[in-house]
Amino acid sequence: MDRLGPAKALAERLRGRIGSLELLLVGLFLLLALRFLTSGQIGSAGLQAWETVFVAICVQALPFVVLGTVVSAAVAALVPPSLLERLLPRKASLAVPIAGAAGALLPGCECASIPVASRLMAGGVAPAASLAFLLSAPAINPVVLTATAVAFPGQPQMVWGRLLASLLASVVMGWLWIGFGRPEWLRPQLRSHEHHEGGRVRSFLAALEHDFLQSAGFLVVGGLMAATLNVLVPRSLLVGVGTVPVLNLLVLGLLAVVLAICSEADAFVAASLTAVSPTARLAFLVVGPMVDVKLISLQAGTFGRAFAWRFSAATFVVAVVCAGLVGGWLL
């Protein structure tokens, strides 16, 4: 028996990336710190507005975070990647749009879609199709689209815009990989912690715990930032940015990358950014589930850094362009 087992496990965790629970605790600490630091600077009315925006975002988004993590964990534990393998044609160019559309049928959070894509590649699915599924699954699944409809009541065009722009971006990225991707950039690695002893129930509970804590942590951080932007950033500045359409799209796209909010909650943050154009908010919704700081880190760990930087940069550009095209047409 290895008496150093617990110590080794702790050391491995400390050497690894920040965990979900730590992230949630950091988010709550930031909430208290911002509440204290800004209390004397933005006045009681501004502070009340800040608290109202933050609470509204979290309260509205939390049920969808819970529902999304339950569905995602169930899919991860109960649905084998071989199911999608059987549905896809062997020809990569045809498999890409089918894999993209399959994201609506096999929902998963952003983080869960990466190991699924890795397993698909290991099972013989074309990388282009696997990557299309990786991008579409967190963006166009029913939970995310329902949350978007709730966040934008009376605006079905935002739901359709998110669906069409996200699906278009995932398919375009798959086809771009066929034309320009290089096998040496892509080195998928299956992690041993993706499988849990004890059967499907234990796998479900482990996935549920991980996904919920991570999603809740990023929701708190995203709600903090959105509320702060609404209160501290002059509305005239945001309106000024909005007068330059390209800059408008880029700023909201970059904001999505930095905030790294889960796709079940990002619509509520986007809805709170009323000073920017609807197309810019659509860019926020399209970019977020495909490119953000946590996804870049996870992709680098799973597929290699050479892939992660190239793929993330290209995906950002394609997502912004698709959001601009669809938003200009629908919104």
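Our numbering is plain: 1 for the first residue shown, then up by one each step along the chain.
Glycine is no exception: its Cβ is also placed from the backbone N, Cα and C atoms.
Feature annotation from TrEMBL assigns transmembrane segment to 21-42 (among others).
Per TrEMBL, transmembrane segment is recorded for 54-80 (among others).
What TrEMBL records for 92-116 (among others) is transmembrane segment.
Residues annotated as transmembrane segment in TrEMBL: 128-152 (among others). Here the transmembrane segment (128-152) has long-range neighbours at 60-61, 64, 67-68, 71, 84, 88, 92-93, 95-104, 106-110, 113-114, 116-118, 120-121, 158-159, 162-163, 166-167, 169-171, 173-175, 177-178, 181, 263-265, 267-268, 270-271, 285-286, 289-290, 311, 315, meaning same-chain residues at least 6 beyond its ends whose C-beta is under 8 angstroms from one of its own.
TrEMBL lists 159-178 (among others) with the feature transmembrane segment.
The transmembrane segment annotation in TrEMBL covers 212-232 (among others).
The transmembrane segment feature in TrEMBL is assigned to 237-261 (among others).
The transmembrane segment annotation in TrEMBL covers 267-287 (among others).
Within the chain, the transmembrane segment (307-330) has long-range Cβ neighbours (under 8 A, six or more residues past its boundaries) at 131, 135, 157, 160-161, 164-166, 168-169, 172-173, 176, 185-187, 245-246, 249-250, 253, 257, 277-280, 282-283, 285-287, 290-291, 295-297, 299-300. Annotated transmembrane segment per TrEMBL: 307-330 (among others), in sequence order.
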